[in-house]
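Asker: Before I ask anything, let me first share the structure, which is written out below as structure tokens.
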Amino acid sequence: MADFEMKGIRKDMFGVFHDPDSNVEVKVDRYTLTSASGVEVQVISYGACVSAIVVPDKSGKKDHVTLGFDDMKGYLENAYQGSSVGRCANRIGKGKLMVEGQQYSLTINNNGNHLHGGTRGWDKHVWESHVSEERVVFSRLSSDGEQGYPGAVLVQVKYSLDAAGGLRIDFEAMTTQATPINMTNHCFFNLAGHAAGQGGLLEHLVRVNADRFTPVGQDLIPTGELASVRGTAYDLRSPITFGEALPRAPGNGFDHNFCLQFKHRGELELAACFLHPPTGRGLEVYTTEPGVQIYTGNFLPKEANKMVGRSGTSYTYQGAFCCEPQNFPDAVNQSNFPSAICFPGKPYKHSMMYKFFIQK
């Protein structure tokens, strides 16, 4: 039963989280947004997370198009599913960074590196939440020194759904001292339906508006080069199926940052487009940031029932893809990458949109 409904947004309780810092049980709220086009989105206060997106296909049949879980247990056992990721999304080499002449050591949680904000990034906290002007607003205060980062940061994530089914996400943050901030959303998509697995993923057409990418080493940390995609497996400027593209990629999958062909950072522009022809479901991803990480679920489990999701569905290897708009990985350690440092008095802002469409 809903706690309340305001401006077409319904609120209820999703579950309870035991906060290890305060040692108390914290209620996790859920908000449901519905568009006139039939798109339904659910977001929860744990991780300021997108917990469900339901989209009709070309025949009107609705299905979940993101991986997700029926209860808190699934989110606690499986990181980053639909979450708002920060303080810094992606990897920071060896967890080391220099800000204004001071070196900082961050928590290490990924093969000797710092990933998605560390051992307890922003995705692993319950955020304050409320409804304002037809938007769901999540907020939290990240303390100075949290996960090794300098400065206290007040951060908000705002979700709104337009009549056509476009899910807009606005990230905003203010800091008390210079600190890196790089936020994104980490939804795992399968437009064939959340249970369609690798077979469904391989049927997708993908196009990425990027003429360069950032090559990485064995540890997936960028080398610092901005390489042309021309003549490589990373040239996704023309539509190609994942079924054709993945066998060409090293390791048969993508987990790479693409440098977008944007004229002006800060303007909402098309980063990538995905289409699942059998269902007609399509997704356009827009962002104000200079990069987008394309990830094809290479680290999802290869064995069945290791990751059990919504309605008992087994989520497995390459059963979904992520399209994560953001600044470039390890930008704090690469002088030729766009700056990721946020300063007092100059708020961090990143807007992005998942825009769904149907191709008959």
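Cβ coordinates come from backbone N, Cα and C, glycine included.
TrEMBL annotations: computationally assigned, not manually curated.
Sharing the record's features from TrEMBL:
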BINDING   ASN90, ARG91, ASP255  beta-D-galactose binding site
ACT_SITE  HIS186  active site, proton donor
ACT_SITE  GLU324  active site, proton acceptor
Asker: From the recorded positions ASN90, ARG91, HIS186, ASP255, pick the residue whose C-alpha lies nearest to the C-alpha of the residue listed as 'active site, proton acceptor'.
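Answerer: Closest by Cα: HIS186.
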Asker: Any same-chain residues 6+ apart from HIS186 (active site, proton donor) with CB under 8 Å of its CB? Would you list them in sequence order, or say none?
Answerer: TYR80, GLN81, GLY82, SER83, SER84, VAL85, ALA89, HIS116, ASP123, CYS322, GLU324
Asker: Enumerate same-chain residues with a sequence separation of six or more from ASP255 (beta-D-galactose binding site) and a Cβ-Cβ distance below 8 A; give 'none' if the list is empty.
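Answerer: Long-range Cβ contacts: LEU220, GLN293, ILE294, TYR295, THR296, ASN298.
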Asker: Enumerate the residues of the same chain, ASN90, ARG91, ASP255 excluded, that satisfy the criterion Cβ within 8 A of the mean position of the Cβ atoms of the recorded beta-D-galactose site; list them in sequence order.
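Answerer: Output for this site, in sequence order: LEU115, VAL216, LEU220, ILE221, ASN257, GLN293, PRO329.
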Asker: Would you count the other CB atoms within 10 A of the CB of the residue listed as 'active site, proton acceptor', including those on all shown protein chains?
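Answerer: Excluding its own Cβ, the number within 10 Å is 25.
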Asker: Could you tell me which of these binding-site residues, ASN90, ARG91, has the greatest number of Cβ atoms within 10 Å of its own Cβ?
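Answerer: Most Cβ neighbours within 10 Å: ASN90.
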